[in-house]
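*Asks:* Not my notes, these are from TrEMBL:
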SIGNAL    1-28  signal peptide
DOMAIN    35-112  domain 'Inhibitor I9'
DOMAIN    141-577  domain 'Peptidase S8/S53'
ACT_SITE  D150  active site, charge relay system
ACT_SITE  H223  active site, charge relay system
ACT_SITE  S541  active site, charge relay system
DOMAIN    657-752  domain 'Subtilisin-like protease fibronectin type-III'
Amino acid sequence: MENNQAPSFMLVVAVVTIYVVFSAMAEADDQNSKVHIVYLGERPYDDVKLTTDSHHELLESVMGSKEKSLESMVYSYKHGFSGFAAKLTNSQAQKLARMPIVARVFPSPLYKMRTTRSWDFLGLSSSPSASSNLLHRAKMGDNVIIGVIDTGFWPESESFNDKGMGPIPSRWKGICQSGEDFNSSHCNKKVIGARWFASALVADHGEEAVFMDYLSARDNEGHGTHTASTAGGAFVRNVSFFGNGRGTLRGGAPLARLAIYKVLWSDSRLGSGADILKGIDEAIHDGVDVLSMSIGKSIPLFSDVNELNPVAVGSFHAIAKGISVVCSGGNEGSIQQTVENVAPWLFTVAASTIDRAFLASITTLGDNATYLGQTFLKKDIVGMLLAMDGRCAGLLGSNIHISGNVVLLCFTDLAKKAGASNVVMPGKQAKVVGIIYAGQHNDILGPCDTPCIHVDTHVGTKLFTYYLNDEKAFIRVRATRTITGKPISSRIAYFSSRGPNSISPGILKPDIAAPGANIIAAVPPNHEGGDKGFAVMSGTSMAAPHISGIVALIKSLRPTWSPAAIKSALITTARVEDLSGLPIFAEGSPPKVADSFDYGGGVVDANAAIDPGLIYDLEVTDYIYYYLCSMGYTEADISHLSQQKTVCPSKRTSILDLNLPTITVPTLTNSTTVTRTVTNVGNLTAVYKAVIKAPPGSKVRVKPRVLVFNSNVKKISFKVKFSSTLQRNYGYSFGSLTWTDGVHLVKSPLSVRFDFF
């Protein structure tokens, strides 16, 4: 009998042991408090003090005392919406989440940064001879306020001078918050406000997260100075980057006002979601017209489904107040489903190159052949070409004994990590005077410790053949020349994140593309790799402020247009061909003709957007019924978010009917019909006809095919029916629907995925 009972005894011991272990783990986890965002939705009071007091009372109910509540509280969100950030254990967070007044409780996530000629490339020259363009017609964005949520700014930069600017708009309610090496005198009539937020990041990650940065709105990293000067920087003459790309530097809306909200910190290159949400809340209160955010979360993004993330929540309330919110699309390209910031009310931006190249000729002295690469090279270099091994960690061949100047040829970028300039040759140490990176995409150029030249794989192969066939393969690389105009075609940058949308595939993202590769703008004077307070940066972080500046110009000229109307005007007038008339290409492996998942509606054409003819407009209720309800958010969540009691229709609405200027059908089996409504913003009397380019594998019918507008008819709805001509899975194909009256071309991209399983 003892033998029979032994297993039972051991099982009991095992169960008790497991219980004790898991109990200890749960207790330890529960004692580990982290910053959580407690989102409440609608403000209970107009008085911000009463709203803040209600937050403390709610927190006190779970903390047990007023003292613990005050100690735990990080932020009170009290302007655009109601909520707070506090340090909570898991059990405290769960207790709050169960309260009827609370919409959602979630941990504060981490966000990271997304990082002259470009405005001329976009047709927004400041030359007096271009007086009919959007820049001049919109008075250069005079008195529009652009809020920049980033790493702060360098106030002494000439890009933020306020020469010739008038009084600060009376509607402005913001402040110039003092801090380390920064006071109210650092704001002026250009930068009219500055705040900084680090409490949540420090609460979760300690003082070391901000130790090397300024505890103020002063920028130590350079990212924020670069993006702010791109969006709304003042005119600065005779700017170059080590002599390259010389010209007049300015922002897209050079007479716009800037408001700076520092939420990202240089030590970690990160920011806490709770800090970012506080920045958005204050920006709403302060009175900004446009919010520019070059930030994002790490992929994969699939876990965000039905998650009310801080950027989406804060921007929804900003949009409800008429504030356009522009976000970077991410730098994870060229992989599909990597685009981020995908809520439909956000303006999500991909990155393109511009018609400028920093070219250097490479001449093989043995056979006098010449090739081209891109670099920032101050003077000519001459040396013997030596090929590196597959990992760029050493040289090919074992009997190379060489001294003197050499130029290394590498087919990967690992040489940067391996320190190729210190490669020791057998016998003697040669001096490496240059490194040629073959196969590298030249969307991201910058200064190198050892001069580096970027060439494509074809050129790299030619140079490698020369190295094999010539015992002494000497080459000469000429100093950089800046080339602009038609010889250089624009492309979607290799790094730019791509669609389809991983959260809601029926919403096309990105929305649009703008210059984001090798952009010269302001940085702090001590910026690594900078040149006298200016530097080249690449990323969708640089593309987003280009759109922010353009949105500011349009708001100045069309003050009654909603954020959705401005977004529609830009998407439907965007270019899908470069300046030579050829299709825009997307860099990748391999390169291809760009499609909607690369650039949304296309590359921005600011001047065309002034007069789009028709717009696809949206109100807050449209986002509620056609997006939030169709995505399965609870009515309680939606009511809190929309600040009004919401009852979703008994029959679930289709996300495909959200009135966007794009149509994406993520699953087409037999047929699908979607509805759109257009508003005439052109001539009162107009007749538009539909021009259809059906995605291959489908038939597209539009009803009605003719839209007739007059003084009494300003809005017309129509239906688009997609039918499959395939009986197998095919992935996505692309087309377009264009409404034209003979003057305007109102183009909507169509994306269809064929799925029969």
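Each residue, glycine too, has its Cβ placed from N, Cα and C.
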*Asks:* Reported in the order helix, strand, coil, what are the DSSP residue counts of the domain 'Subtilisin-like protease fibronectin type-III' (657-752)?
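*Replies:* Computed counts for the domain 'Subtilisin-like protease fibronectin type-III' (657-752) are 1 helix, 62 strand, 33 coil.
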*Asks:* Tell me the Cβ contacts of D150 (active site, charge relay system) under 8 Å, same chain only and six or more apart in sequence, or just say none.
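*Replies:* For D150 (active site, charge relay system), the qualifying residues are M113, D219, H223, G224, T227, A228, I260, Y261, K262, V263, L264, S292, M293, S294, I295.
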*Asks:* Give, as a single whole number between 0 and 100, the mean pLDDT over the domain 'Subtilisin-like protease fibronectin type-III' (657-752).
*Replies:* 95
*Asks:* Across all protein chains in the structure, which of the active-site residues H223, S541 has the highest Cβ count within 10 Å?
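*Replies:* Result for the most crowded candidate: S541.
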*Asks:* Using DSSP, break the domain 'Inhibitor I9' (35-112) down into helix, strand and coil residues and give each count.
*Replies:* 31 helix, 26 strand, 21 coil
